[in-house]
Amino acid sequence: MNPAEHDEAVSQFCAMTRARPDEAQEYLATNGWDLEAAVTEFFAEQDETAGSSEPTGQPSAKSSSSTPRESSSSRKQPPKKFATLGDLASGAADSSDDDDDENQDFFAGGEKSGLAVQNPDDLKKKIIEKARRTQLPASDDSEPRRNYFTGPARTLGGEDTPSRVIDTPSGPAQPQIPRRVRRTLHFWADGFSVDDGELYRSDDPQNAEILNSIRQGRAPLSIMNAQHGQDVDVEIKQHDEKYVRPKPKYQPFAGKGQRLGSPTPGIRAPAPSEPAPAPQSSSGPPKPNVDESQPVVTLQIRLGDGTRLTSRFNTTHTIGDVYDFVSAASPQSQARPWVLLTTFPSKELTDKAAVLGDLPEFKRGGVVVQKWQ
């Protein structure tokens, strides 16, 4: 390769790994200027560094913290602004020795067995410190391209060629990769919470294990609301005050509704055809006794189930006669309490002795509505 090709390979290596030019030249020279092999070796060494085990935290480990820890693969990376769970895991081993003399452990267990749990407040400080030293890498994940045209197809035919249907090609279903999600980790004076969730108190040793998992780059599925194998970006927010339960978010079109056309809710039933003023038949509802020689008014009655009835009454009939007619016409009215009322303005008709001709709403007929109680 000529010098121009070498410079091009170094530029591509730096763009893919964010390494310095001298590091890129070293990896490329080691792998015979094979760009793919050099990049593979670079990321493999980064994974080995991130997966290194943490010290046990014993007092004897304090002396070993003075020994050089930098290897040929742990090269200085450009400063970052945000942190992911993987970045927190890669920096966990580097800072554990420095904090051994400040760790305060909790102990949980019985008389003959116990478990040492690290202080949650100390874990919160470590997570925040590593988030300040790192940044979120540029996401290479792109949303899967949506196919808007699915299903069978049909070809256009002509005079000599008929149209034909092309079925959907059957192939192996591709596994769907869950999309990267973002969660907000809130640190409060008395614990921590995720997004708008409940408080995890600092004095609970079990919650310290959750923080330790986050510090090591593992997202607990129980509190992160994520799927197995799903990438999670964690944004850290620190609060000086104690936990305050967030107010519920306003959701429009939530709760119960009431259908239009009736002052009472109910299930709309198909409205039967209005009976014509004809002699009573055995199939229709019972009709009140009407004296044709006396003034007659027509009342439209809207039942609570949506059914509409029309009946003729004399002006000498009472509200009680209307109650009797509704009770006889609707079997459902005999099983639950109800009341009749007028419309616009709505007023309950509780005086069953009132005469229709004496009520201004019914002197010339009107509408009566049944309301369930």
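Quick reminder: no glycine exception, Cβ is built from N, Cα and C everywhere.
Taken straight from Swiss-Prot:
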| type | residues | note |
| --- | --- | --- |
| COMPBIAS | 95-104 | compositional bias 'Acidic residues' |
| COMPBIAS | 121-132 | compositional bias 'Basic and acidic residues' |
| DOMAIN | 185-258 | domain 'SEP' |
| DOMAIN | 292-369 | domain 'UBX' |
| REGION | 39-179 | region 'Disordered' |
| REGION | 236-293 | region 'Disordered' |
*Kindly state the mean pLDDT of the domain 'SEP' (185-258) in the predicted structure.*
80
*Sort the residues of the domain 'UBX' (292-369) into helix, strand and coil with DSSP and give the three counts.*
21 helix, 27 strand, 30 coil
_DSSP-wise, what's the residue breakdown of the domain 'SEP' (185-258) into helix, strand and coil?_
15 helix, 17 strand, 42 coil
